[in-house]
Amino acid sequence: MNIQENYSLKKQNTFGVDVSAKYFAEVTSLDELTQILRNTSVQKFKLLFLGGGSNVLFTQDFEGVVLQLNLKGISEKILNEDEVLVTSKAGENWHEFVQFCLGQNYGGLENLSLIPGNVGTSPMQNIGAYGTEIKDTFVSCKVLNLETLVVEEFNHEKCDFGYRESIFKREGKGKYVILEVTFKLTRKDHLIKTEYGAIQSELKNLGVENPTIQEVSKAVINIRQSKLPDPKVIGNAGSFFKNPSIPMEQFLEVQKRYPEMPHYPNGNLVKVPAGWLIEQCGWKGKQIGNVASHELQSLVIVNKTGLASGKEVFDFSTMIIESVKEKFGIELEREVNII
Ligand SMILES: Cc1cc2nc3c(=O)[nH]c(=O)nc-3n(C[C@H](O)[C@H](O)[C@H](O)COP(=O)(O)OP(=O)(O)OC[C@H]3O[C@@H](n4cnc5c(N)ncnc54)[C@H](O)[C@@H]3O)c2cc1C
């Protein structure tokens, strides 16, 4: 294994922030991973695991060891005529994995097409889009316990998924590395979900009436490409904030002042689109220094000039949080992992 010193992470994070790691290595097997974790020189430093770097914001150089997980491989187990278990190692690219499943005509992940990042990171924040989350098809994941270096299996319940949440983002944070993930997918009679977002109108544009899972994927890809900035062109990490859920009383209070506020029921709470709140505060398309809120999607903060530091992006996000709090009394929470 090649451990590199003072390694630039600019290409390892989709924000394109130019920071360095004291040490950096790519890990391609569990053996390599445990070997490096047993190394007493490595144990002196803090550790950071990276997948595709599409949900992190580095605010400073990382004075520790960054390990990029490149474990590869996909396997399948046919359960019956209707269902199949598909297992992917952590380092497989998420979108390529979704396309592999669609190529086999396995249904369940099509609405999650084109989400950046790796399969191993998908349970971290229970990735979701267009009415689907991975928790809908997730069966289990294998993780390495960083304290004991023993491989453990986490079932659905143990992962305790929530909206952009799981045990790995809360009490399990920094304690486990996800090594592989297993999904249960359909082989026929797929559940087609087109009611969310602009999928139906995009399918109409494509001239499709009774969509296949492959056509749903195509529609999702088209919508995402037209709405979201491509990190290869302009640095970003997708939605920077979560959509807040607020108590009914608070919602009714705010609604008196803003009757047009979009909202959705969420159990006892009411979910409000963070993008709408940010836009109402005048941030859409606004640029300060090297950082801006994206002109088509205010929830996305972009490295507009390509020269932004992580600190600048972070400060920009703080200004947004403060102005939303002042105008609506609602506290936005960052979705992106701040390092
Ligand atoms: C343009 C764009 C659009 C996006 N759209 C969506 C969307 O629609 N829905 C959505 O949910 N997300 C979206 N995201 C966010 C991002 O794609 C997901 O959060 C993705 O799962 C991150 O994967 P990654 O491998 O890049 O994670 P990284 O950024 O590499 O890591 C994220 C966090 O997970 C930790 N980590 C990484 N790998 C492991 C592992 N194997 N085990 C334990 N911890 C690990 C890291 O230390 C870090 O804290 C978008 C991002 C971009 C740039």
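Just so you know, glycine gets a Cβ as well, placed from its N, Cα and C.
Taken from TrEMBL, the feature active site applies to Arg164 (among others). Its Cβ taken as reference, Arg164 (active site) is surrounded by 19 other Cβ atoms within 10 Å in the chains shown.
When Cβ atoms from all protein chains are considered, those within 10 Å of Ser239 (active site, proton donor) total 20, not counting its own. For Ser239, the entry in TrEMBL reads active site, proton donor.
Secondary structure at Glu335 (active site), as computed by DSSP, is coil. What TrEMBL lists as active site is Glu335 (among others).
According to TrEMBL, the domain 'FAD-binding PCMH-type' annotation covers 16-188.
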Length of the line joining the Cα atoms of Glu335 (active site) and Ser239 (active site, proton donor), in Å: 7
The domain 'FAD-binding PCMH-type' (16-188) [mean pLDDT, rounded to integer]: 96
Spatial separation of Ser239 (active site, proton donor) from Arg164 (active site) - C-alpha basis, Å: 11
All-chain count of other Cβ atoms within 10 Å of Glu335 (active site): 20
